[in-house]
Amino acid sequence: MTQEILLNILIVVILFISSFGIGNIVNQYLKNRNSWIIVLGIGLGIHGFLIYFFGLLHLLNIYTISIILGFGFLLFFIKIKFNRIKLPKIKIFEFFLLFIIGLILFMFVINTLAPAIKFDDTWYHLTEVKMYLLEGKIRAFLPPAQLGQSSITPRLVDMLYAFPLAFLPNSSVGAKIIHMLLGVGALVVVFEIGKLLFNKRTGLISSLILSTIPIFGWLAQTAYIDLGVIFYVCLTFLLYVKWRFREKTNLFLLALLLGFALSTKLWIIGFWLVLLVDALVAKKKIKEILFIFCGSFLILMPWLLESFYWTGNPIFPLFSGGDQSGFLGGANTIWEWLLKIYWVKLIPTLEDVMTHSLPWLLLLPLLIFTLRHQTKIKLWLLTIGLILILMWAVIPWRDDRFLVPFSMPLIILVAAIIEQITAKNKFYLLSFIPLIGLIIFQLIALASRSAMYYSVISNQTAKNDFMAEKVAKNIWGCYDNEGKIKKLVLPSGKKTLVFCHNMFYLDFPFDDSFDAIPKTSYSSSKDFVSFLHQHNYDFVLFKLPVYPEGELAKLINVNLPENFFSDNFKLLYDGKENGLKLYEIL
């Protein structure tokens, strides 16, 4: 496990150095003097798009990825200028804030260095990238494929996971490190926004609040994409604030980062709309508004065109017909959703905001004690923050992780309230109660997870034993903890047809049966067996109890004779602990 961790850290370090190199070139070309975090955001976004375009050109392999990394790595050392770092004076209260943030980040690191075991990362975030690399191209996995709802949407953050997976295809640690570091980047950017609008202490409190939101800490242990979404939304908001309040800002850079934010997740179109309306209300120049918002939408366009090409719907899977119960409450058109269902779900959704996600919003009434200071900015943050929460309520899933990017203006507002009350008001203790509660809750949750992950990181628990317990025994997880399936499959040199859900940890050539089988129609069971032989399949793997052998008949839509399995398949492996059954095709 130690060697795997070190190799992943090395790859991620090279990726970030390369991103600094390419981001710095763009920054110098635009003749800007932006902070290092903006330069990093530019570089990472460009790296993600390079993976995407090479994948569309069927040139996605370890060689092109090495060239991208090598090019950016060289640019870093050729063009970068190292300036002397001046450490600012830190007061006791600021040191306390930094200490708490540092303690939280330390636990983030421990949570990150263990293998991924959560549902979505081993289902599609990592699996789709692994499949892209195995096939050397980016393609659509259309329903009913296991990756059918995720592989045709904006997925810029997922593209970054190709860098560690190209070199270590069965290791999830590199992707988890990237995801966690994007979260750290979001904390830095939120600090910059708070500092820009108010002062340094407000920036630090903003970072502390964000780091103590429970779902933020939970995400740090995953290879999801949500910390990347938060990172790019925060970067965009930083530049937008500068532009809105008439500080000199490069419009191309703002459009670029807003386009990157849109490319992380489809729901960020809501954030885009709110900023567009706010820019119009602020009476910014129409020419500038058109440049920023049309330019950013052009950056999103490749993802929309890809979706339209494969499905006929640029915002697939929304409003795509069929069973839409999981999307927008069953609505089949945007008007049906907005006019009928949205209003029914609005109040329960807003209840979730307070009970599960943002208890620090209880501090908003204390705004009345601080309105004498910077009233215009505070009221603007309050207004745009509440509008963003209402916009988030349009999203069908009431999921905390989708809420965090939309809550960022309110995070900064609450931080400003805390900072000004603690500095000038006798009611300052009221502002600390919710915050201290959040800190304690987050530290307890992180410590509990860290204890679990530390045992495998420190090799006290063997990685295989850890994975057997957390993945193999999970009804959705697929993990060959005994290593027998790999030994049976690899010598044949042929592929295995897999009836599994979370397929990332399968370390032999395989195809998702829900992707491969529906592409052909079958008139009989013999017709199906011919298909298996023609497409070079020697084995079929089932994950019980979710996908028993009976799933085969459902998928091919053919009545199978009673002796179908005994005549055409030979049972080679029956794993009682991991629920896997391997059949050889006769």
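Heads up, the Cβ atoms here are built off N, Cα and C, so glycines get one too.
The annotation transmembrane segment is assigned in TrEMBL to 6-26 (among others). With a threshold of 8 Å between CB atoms, the same-chain residues lying at least 6 positions outside the transmembrane segment (6-26) that come near it are 36, 38-44, 46-47, 68-80, 160, 163-164, 167-168, 171, 173-174, 177-178, 181.
What TrEMBL lists as transmembrane segment is 35-54 (among others). With a cut-off of 8 Å between Cβ atoms, the residues of this chain six or more beyond the transmembrane segment (35-54) that come close are 15-16, 18-24, 26-27, 60, 64-65, 68, 72, 138, 156-157, 159-160, 162-163, 182, 185, 188-189, 192, 231-232, 235, 238-239, 253, 256-257, 260, 263, 302.
Residues or ranges marked as transmembrane segment in TrEMBL: 60-80 (among others).
The annotation transmembrane segment is assigned in TrEMBL to 92-114 (among others). Same-chain neighbours of the transmembrane segment (92-114): 5, 173, 176-177, 179-180, 183-184, 187, 200-201, 204-205, 207-208, 211-212, 217, 220-221, 422, 439, 442-443, 446-447, 449-450, 453-454, 456-457, 466, counting only residues six or more beyond its ends whose CB sits under 8 Å from a CB of the stretch.
The domain 'Glycosyltransferase RgtA/B/C/D-like' feature in TrEMBL is assigned to 162-301.
Under the heading transmembrane segment, TrEMBL lists 177-198 (among others).
Same-chain neighbours of the transmembrane segment (218-240): 37-38, 41, 45, 108, 111-112, 114, 116, 118, 120-121, 125-126, 155-158, 160-161, 172, 175-176, 178-180, 182-183, 185-186, 189-190, 192-193, 196, 210, 249, 253-254, 257-258, 260-261, 264-265, 268, 271, 275, 401-402, 404-405, 408-409, 445, 449, 453, counting only residues six or more beyond its ends whose CB sits under 8 Å from a CB of the stretch. Sequence annotations record features per position, and here TrEMBL assigns transmembrane segment to 218-240 (among others).
The annotation transmembrane segment is assigned in TrEMBL to 252-277 (among others). Sequence-remote contacts of a segment are chain residues at least 6 beyond its ends whose Cβ falls under 8 Å from one of its Cβ atoms, and for the transmembrane segment (252-277) they are 30, 32, 34, 38, 41-42, 45, 48-49, 153-157, 225-226, 228-229, 232-233, 235-236, 239-240, 243, 289, 291-293, 295-300, 303, 315, 318, 384, 387-388, 391-392, 394-395, 402, 405-406.
The transmembrane segment feature in TrEMBL is assigned to 289-310 (among others).
Annotated transmembrane segment per TrEMBL: 353-372 (among others), in sequence order.
As annotated by TrEMBL, transmembrane segment applies to 379-395 (among others).
For 401-418 (among others), the entry in TrEMBL reads transmembrane segment.
Residues or ranges marked as transmembrane segment by TrEMBL: 427-447 (among others).
Using DSSP to sort the residues of the domain 'Glycosyltransferase RgtA/B/C/D-like' (162-301) gives these counts of helix, strand and coil: 113 helix, 0 strand, 27 coil. Confidence across the domain 'Glycosyltransferase RgtA/B/C/D-like' (162-301), taken as the mean pLDDT and rounded to a whole number, stands at 94. Under 8 Å from some Cβ of the transmembrane segment (60-80) lie the Cβ atoms of residues 14-15, 17-22, 24-25, 28, 43, 47, 50-51, 54, 132-133, 136-138, 162-163, 166-167, all in the same chain and six or more residues away from its ends. Same-chain residues lying 6+ beyond the ends of the transmembrane segment (177-198) with a Cβ under 8 Å from its Cβ atoms: 8-9, 12, 15-16, 35, 37, 40-41, 44, 101, 105, 108-109, 111-113, 157, 160-161, 163-164, 204-207, 210-211, 216, 219-220, 222-225, 227-228, 230-231, 234-235, 237-238, 241-242, 374, 377, 381, 408, 411-412, 415-416, 419.
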